[in-house]
Amino acid sequence: MVASTKYEVAAQNEADEADGSAQGDGAGPAAEQVKLKKEISLLNGVCLIVGNMIGSGIFVSPKGVLMYSASFGLSLVIWAVGGIFSVFGALCYAELGTTIKKSGASYAYILEAFGGFLAFIRLWTSLLIIEPTSQAVIAITFANYMVQPLFPSCGAPYAAGRLLAAACICLLTFINCAYVKWGTLVQDIFTYAKVLALIAVIIAGIVRLGQGATTNFEDSFEGSSFAMGDIALALYSALFSYSGWDTLNYVTEEIRNPERNLPLSIGISMPIVTIIYLLTNVAYYSVLDIKDILASDAVAVTFADQIFGIFNWTIPLAVALSCFGGLNASIVAASRLLFVGSREGHLPDAICMIHVERFTPVPSLLFNGILALVYLCVEDIFQLINYYSFSYWFFVGLSIVGQLYLRWKEPDRPRPLKLSLFFPIVFCLCTIFLVAVPLYSDTINSLIGIGIALSGLPFYFLIIRVPEHKRPLCLRRIVASTTRYLQIICMSVAAEMDLEDGELPKQGPKSK
């Protein structure tokens, strides 16, 4: 679907432009390349990771972890294990991101290691379930926390929440279409806000501990449930809060000096989030007992009601702001995934085009926004989350298997960051556990998730694998017309790919 002429090595482009300038009137320098610009700094990278990881989870998930662990002590151990597991995964992705300098995270890594088929299934699953569902859920959570205070004695109107969620998605899509720097600025501001809110919770907890409120920590492991099923479900709840550590790998091509800033951003972000999560839970436990936490739908709000007095409204606001920042990071990541998928020929060409003046992937952002808006129309949207746990962890694990495979297949490949094999092997073993658990404990939803992934098979073999000249003429005309009009409306052209390692992009069957 993507012609090989779309991608030219940057040096060749510059040479052609230089020749043109020499033959012209010498009025100015060669035209600037139309491609994604490297505008994400180290600070932006840290804020993207922290901002996406700290969503609504830490304000809500403590209930799920405590429900299955059944004790404060074991729940803190689960939170620590979840943090260590996420650090292992993030370190593996740091090596992959500095070795394979493409945006798209696991999609790009699976494509490089195993070819187009598995990569397309990964993309198809994200397209149908993972990305639009998660964005719709985050937007609805944001809207609920913003609207509910206006209706203290009753439930907020359904339409009001959905309209506000739609407005949130549209606003953030517009911001990211306008300028990359606008999107990173929004991310930075809202990351600072949510971290400050959690610091306020932590300080309040420390004050209570200083006043002698240590009753809940006496015999903290009493009543613990060590059943493997309960441990697994508690770990799932914790990992929900830690999800997002791979955010920066979706925008690798836009990071300044990725060999340095990608692993450094991960190395800074992961300890920050893990420490904040542990201290926040300690703060919760210093005020609330097990019964209070299990009876609460939003632990942080219950905590604020008992501690902050007339300022208890600050925590629902903090949850809303946290969701807003998390949604922004999710939109950035998902749009780049669609962009790279189109560039590799797995989605229509128009999606990998870039605005000629703003250098933002406007078509992929709009496509992602439309998908999220469509999923807002699903009344029981939260049910869809249950369908992708299996698929998500399967493809994350497959990426790390690809890392091990590339170590064996290409041992001499340059790797700016090279980990001990201990990290990917341990992570793969843990991922097998995370994939097996939902198959056993939530078989129906897991099978539905597998079915959704496999529904991409006809599309792949009947369209993607078929050479363009053999596709129906009517289909080619529709695609060509749509691409042309979208280029005009979005002021976008095909992106040039700047390959720093000098390798030509892979074309043909493997990338198809």
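Using the three backbone atoms N, Cα and C, a Cβ is placed for every residue, glycine included.
Residues or ranges marked as phosphoserine in Swiss-Prot: SER21.
The feature transmembrane segment is assigned by Swiss-Prot to 40-60 (among others). Sequence-remote contacts of a segment are chain residues at least 6 beyond its ends whose Cβ falls under 8 Å from one of its Cβ atoms, and for the transmembrane segment (40-60) they are 138, 141, 180, 184, 187-188, 190-192, 194-195, 198, 240-245, 247-248, 251, 254-256, 260-262, 264-266, 268-270, 272-273, 276-277, 280, 297-301, 315, 318-319, 322-323, 325-326, 328-330, 332-333.
The transmembrane segment annotation in Swiss-Prot covers 72-92 (among others) and rests on sequence analysis.
What Swiss-Prot records for 110-130 (among others) is transmembrane segment, and it gives sequence analysis as the kind of evidence. Beyond the transmembrane segment (110-130), the same-chain residues lying 6 or more positions past its ends with a Cβ under 8 Å from any Cβ of the stretch are 100, 102, 104, 334, 337-338, 341, 344-347, 371, 384, 387-388, 391-392, 395, 398-399, 401-403, 405-406, 449, 452-457, 459-460, 464, 509-512.
Positions annotated as transmembrane segment by Swiss-Prot: 136-156 (among others).
What Swiss-Prot lists as transmembrane segment is 163-183 (among others). Long-range contacts of the transmembrane segment (163-183) within its own chain (CB-CB distance under 8 A, at least 6 residues past either end) are made by residues 36-37, 39-40, 135-136, 139-140, 142-143, 146-147, 254, 324, 327-328, 331-332, 335, 355, 358-360, 362, 365-366, 368-369, 372-373, 376.
Taken from Swiss-Prot, the feature transmembrane segment applies to 189-209 (among others), supported by sequence analysis. Outside the transmembrane segment (189-209) by six or more residues, the chain places 47, 50-51, 54, 58, 276, 279-280, 282-284, 286-287, 300, 303, 307-308, 314-315, 318, 321-322, 324-325, 328 with a CB less than 8 A from a CB of the stretch.
Among the features that Swiss-Prot reports, transmembrane segment is placed at 225-245 (among others). Within its own chain, the transmembrane segment (225-245) has Cβ neighbours under 8 Å at 49, 52-53, 55, 57-58, 61, 64-65, 67-71, 74-75, 78-79, 81-83, 85-86, 89-90, 93, 266, 269-270, 273, 277, 326, 329, 389, 433-434, 437, 441, counting only residues six or more beyond its boundaries.
Tertiary neighbourhood of the transmembrane segment (262-282): same-chain residues 42, 45-46, 48-50, 53-54, 58, 62, 75-76, 79-80, 83-84, 86-87, 90-91, 93-95, 97-98, 195, 198-199, 201-202, 205, 209, 241-242, 245, 248-249, 252, 255, 417, selected by CB-CB distance under 8 Å and a gap of 6+ residues from either end. Annotated transmembrane segment per Swiss-Prot: 262-282 (among others), in sequence order.
What Swiss-Prot records for 307-327 (among others) is transmembrane segment.
All protein chains shown were included, and the count of other CB atoms within 10 Å of the CB of ASN328 (N-linked glycosylation site) stands at 27. The N-linked glycosylation site feature in Swiss-Prot is assigned to ASN328; the stated evidence is sequence analysis.
The transmembrane segment annotation in Swiss-Prot covers 386-406 (among others) and rests on sequence analysis. Outside the transmembrane segment (386-406) by six or more residues, the chain places 89, 92-93, 95-96, 99, 105-106, 109-110, 112-114, 118, 122, 125, 129-130, 133, 236, 246, 413, 421, 424-425, 427-428, 431-432, 434-435, 438-439, 442, 445-446, 448-450, 452-453 with a CB less than 8 A from a CB of the stretch.
The annotation transmembrane segment is assigned in Swiss-Prot to 419-439 (among others). When Cβ-Cβ distances below 8 Å are used as the criterion, the transmembrane segment (419-439) is approached by residues 85, 88-89, 91-92, 95, 229, 232-233, 235-236, 239, 389-390, 393-394, 396-397, 400-401, 403-404, 407, 445-446 of the same chain, each at least six residues removed from its ends.
The transmembrane segment annotation in Swiss-Prot covers 444-464 (among others), and the record cites sequence analysis as its basis. Residues of the same chain lying 6 or more positions beyond the ends of the transmembrane segment (444-464) and with a Cβ under 8 Å from any Cβ of it are 1, 116-117, 120-121, 124-125, 128-129, 345-346, 386-391, 438, 471, 512.
Panel annotation: around the transmembrane segment (136-156), residues 55-56, 162-166, 168-169, 313, 316-317, 319-320, 323-324, 326-327, 330, 372, 375-376, 378, 381-382, 385 of the same chain, lying at least six beyond its termini, place a Cβ under 8 Å from a Cβ of the stretch. ASN328 (N-linked glycosylation site) falls within a helical segment according to DSSP.
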